[in-house]
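Visitor: Here it is, the structure, as structure tokens.
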Amino acid sequence: MKIWVPADAAAKACGADAVAAMIAHQAAQQGREVQIIRNGTRGMIWLEPLVEIEMDGVRMGFGPMVPGDVPGLFASPESHPKAVGPVEEIPFFARQTRLSFARCGRIDPLSLEDYAEAEGWQGLTRALELGPQAAIETVTTSGLRGRGGAGFPTGIKWKTVADAEASQKYIVCNADEGDSGSFADRMLMEGDPYCLIEGMAIAGLCVGATKGFVYIRSEYPDAIRVMEAAIARARSASYIGPALMGQGPAFDLEVRVGAGAYICGEETSLLNSLEGKRGMVRAKPPLPALEGAFGLPTVVNNVLSLGAVPWILTHGGAAYAEFGLGRSRGTIPLQIAGNVAHGGLFETGFGLSLGALINDIAGGTASGRPFKAVQVGGPLGAYHGEDDFDLDICYEAFAERGGLVGHAGFVVHDESADMMALARYAMEFCAIESCGKCTPCRIGAVRGIETLDRIARGEADAIEILQDLCEVMEKGSLCAMGGFTPYPVRSAMRLFPEEFTQLREAAE
Amino acid sequence: MTHDDRLSTILATHSGRPGALLPILHDVQAAYGYVPEDCYQPIADALRLGRAEVAGVVSFYHDFRAAPAGRHVIKICRAEACQSMGGAAMMAGLEHALGMKIGQTQNGITLEAVYCLGLCACAPAAQVNGQLVGRATAEQLEALVTEVSA
């Protein structure tokens, strides 16, 4: 009997280890032969821990499980109170277009056999056949743009590095996923680490880099452990190392662990951190593509950008570009978080409307109270209200409406949300996490907190000062930290002006 | 006192590694529970850096401690997704139960803020002695508090 119990950090945080232990215990007591596989998560986090049992070749789900639910699993699985039916037929799952996350939750994350059986290494094999130039063209054709938030075309970045002359080049994977509401990088690293390894190997082959770094934030101990184990196994099986797939050029990988600095998700700050320095943002130019890690040409890509690459090489750039909307091609793993009934990861082509995501997919709020606002794209993203439910999820539409898709995290708040407190938090977070290099961010964030406190005390003239401060931060900051912190602040004021003025009236 | 064999071993392990300072500091903290100030100079010497450069890196990153943490470390996520699910009230409840404020170390317990554990779809989230807790409730955390205090 095969039983899957996710070892994803979210599943573990909801008690998956205790459930797995109970399954092993019960099976031993009853003398049943059970194979427990610790898979990644399917991304339906509200069902975690989601246990799966193979019955007549179909994987049936049970969740959210607690250890007390385990005995019933063996007795009469069909009538188990936590039975959710065939996992892949759950509407949340069935409605997705899973390309990058096709394997996540299905396979044993560290099994090289499972990976190879599920299209693993086919993208790298194809890239080796095509050669660097044609492989880069495939990525360019796919229309893939940087999934970390900036949306820069991946193929163009790779070509810039490929064309640079240097004795050593690097691939750096940005796995410093610090945005609240985002967990797709973590999910992929924990659930399908070889996918990221393959994507990085393809990037290395394409640009002529023989060394890669995965920079993972220290808040992700499970992802660090899984990636390190996967790299070691891929190396011993000769998929990476002195010769890619045993025949290509050299490419090896190393995990580097961050140290709790949000700013290191910014690529130049990440590079400084990688070099052992303070995570201070660098002015651009020079572009990291030309002078990146240790001053050498470097591809810096997000986990999700690199994770999309194996599929693209396997199925072709045109096949990937068939999904999407406008200039946002392919699929995007939407991360539904916060106060939602159905939180989790939903991979789909660009173009789903914000309203459909929140009402249909996420099933409204978890509290059952009316929806108030959703923050899209992390702590630097804007708040959107119901008026924006017509927005199609793609880079251009959100930019036009004064927001951003960013890393595609959606944090939903119900009517109890205190927008003044959230705006203040945005400034506070910027003050805590600013690298301190540029004045608008370093000083502006502190002044922002003070000015919001003045507004809260009923000082009417402070609203104009805050608007002015936001403009200075947006236009004058060196990077997105100070530059986008005004997004949540101004959008909160625009959407709910009464919350920033009624306090004044109350004070009077 | 701290410039002992453990530090020499750590420095030897990372000898010649490019950008070794963060990995060294992580190892030092794992060995000593914090980054003792008298490690700065030996680390600086090994990497051919100035002492100030090492001090600057240690102080830049939130992870590196200047003093040992309590025997038990409780991290509470303060980020938006956790706020949307009552994280602030949960934190206040825990502060009350422990009789201490976030950022303090008391009676062998360190209570500190963290900005996202990637558990945003099962918020609010916390981490107690490395163990992640999703859908954390006041009751559950109170139970953990009793457990760690015992």
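Numbering starts at 1 and runs along the chain as it is shown here.
Cβ coordinates are placed from backbone N, Cα and C, and glycine is handled just like the others.
Just lifted these from TrEMBL, have a look:
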- B:CYS77, B:CYS82, B:CYS116, B:CYS120: [2Fe-2S] cluster binding site (BINDING)
Visitor: Check the binding-site residues B:CYS77, B:CYS82, B:CYS116, B:CYS120 for other C-beta atoms within 10 angstroms of each C-beta and report the one with the most.
Guide: B:CYS120
Visitor: Once the DSSP letters are reduced so that anything not helix or strand counts as coil, what is B:CYS116 ([2Fe-2S] cluster binding site)?
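Guide: Once the DSSP labels are grouped into three classes, B:CYS116 ([2Fe-2S] cluster binding site) ends up as coil.
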Visitor: Reduced to three states, what secondary structure does DSSP give B:CYS82 ([2Fe-2S] cluster binding site)?
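Guide: Looking at the DSSP assignment, B:CYS82 ([2Fe-2S] cluster binding site) belongs to a helix.
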